[in-house]
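K.L.:
Annotations for this protein, taken from TrEMBL, read as follows:
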| type | residues | note |
| --- | --- | --- |
| ACT_SITE | Y134 | active site, proton donor/acceptor |
| ACT_SITE | K162 | active site, schiff-base intermediate with substrate |
| BINDING | T45, V206 | pyruvate binding site |
Amino acid sequence: MAKPKVIVPMVTPLRGGSVDKAAASWLASRLSESGVDGVFVPGTTGEWYLLDPHERAEAFFAVASSAIAGLRLVAGVSGYRPEESYRLAEEAAGHGAHAVMAVPPIYFKPSTDFLREFYGEIKRRAGGLPTYIYIFPERMGYTLALDQVEALVEAGVVDGIKATVTDAAYIAGLAAVKERNPGFEVLAGGLEMLVHTSLSGGDGVVDAYSNVAPRLAVELADSLEKGPVERVAGLQAKVLKLSRILGKRSLPSVLKAVLHVLGAPVTGEVRRPLKPLTQPEANAAANALCTGYREYLLPGLEC
């Protein structure tokens with residue numbers, strides 16, 4: 001098995017209500033040091049849905065301008081209107097993106113014909129960069145059928161998918177689409193699903209926990225390539241425990257709070273309706289990571 005890719009959907013640091021470009025650059029640099037393959041900016045963890053289109057572009061530009069060698073830059077170009085996604089794709093391509101990723105239009109479930117048009121235009125405006133579907137049924141209100149995904153692959157308008165689902169059969173179905181279309185990439189939308197996705201024939205993970213503990217995902221990916229199975233099982237158990245620690249509140253709030261408590265130049269600010277953690281909540285989450293995950297923490301964090 002090839003080593004699975006680890007892509008980190010970065011939090012979007014905020015300071016005084018604005019995107020903190022210096023903090024975003026700092027975080028991307030430390031993630032690169034940790035051995036991850038790339039970053040995704042901005043996604044759900046990066047609060048794209050609470051940023052205006054200019055701020056979404058600004059968050060990506062802050063990372064792209066750092067010019068970090070070897071770090072793959074996946075631009076989040078999701079929008080509430082198709083035209084937002086098209087414009088963001090064009091801007092990302094002009095600022096060094098290596099790929100673009102977008103959720104399909106939300107609220108009303110689009111037809112396959114429209115999805116073909118939508119992703120085709122994103123890919124065209126991005127100058128042909130690899131283009132990824134991002135599905136998150138819990139947030140979108142619907143999912144894409146496997147035959148819809150395959151239709152988009154066969155049309156040449158998408159190159160991969162990030163699937164934030166816990167449906168093992170759906171992931172296996174995406175892997176079957178990949179078998180018939182070998183250039184197609186299947187990425188799990190959470191670290192809990194990396195093992196299943198990899199064993200099904202997928203390519204990696206987009207892991208939010210890696211904002212604070214990236215070396216856990218890197219180690220798990222390494223274990224899937226090299227074994228033994230006991231190492232995989234032990235690391236998977238750590239992943240499931242970590243999900244219980246970090247999953248008690250909205251991830252952007254928890255991740256930013258932990259980063260702040262452990263010394264990163266990242267405030268705990270989030271956009272409403274998200275709520276920042278209280279100081280006791282932030283301290284408890286940080287202490288739990290220091291107790292059980294110190295060796296996996298982001299470089300630059302101090303317990």
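Note: Cβ is positioned from N, Cα and C throughout, glycine not excepted.
In TrEMBL, annotation is done automatically, which means it is predicted and not curated.
Walk me through where these features lie, including what they touch and how far apart they are.
P.N.:
Contacts of Y134 (active site, proton donor/acceptor) defined by a Cβ separation under 8 A and a same-chain sequence distance of 6+ are given as G43, G76, S78, M101, A102, V103, I161, K162, T164, G189, in order along the sequence. Under the DSSP three-state reduction, Y134 (active site, proton donor/acceptor) is assigned to strand.
DSSP gives T45 (pyruvate binding site) a coil state; it is part of no helix or strand.
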K.L.:
For K162 (active site, schiff-base intermediate with substrate), just count the other CB atoms lying within 10 A of its CB, please.
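P.N.:
Total other Cβ atoms inside 10 Å, all chains included: 27.
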K.L.:
Let me make sure I understand the structure: which of the binding-site residues listed (T45, V206) has the fewest other Cβ atoms within 10 A of its Cβ?
P.N.:
T45
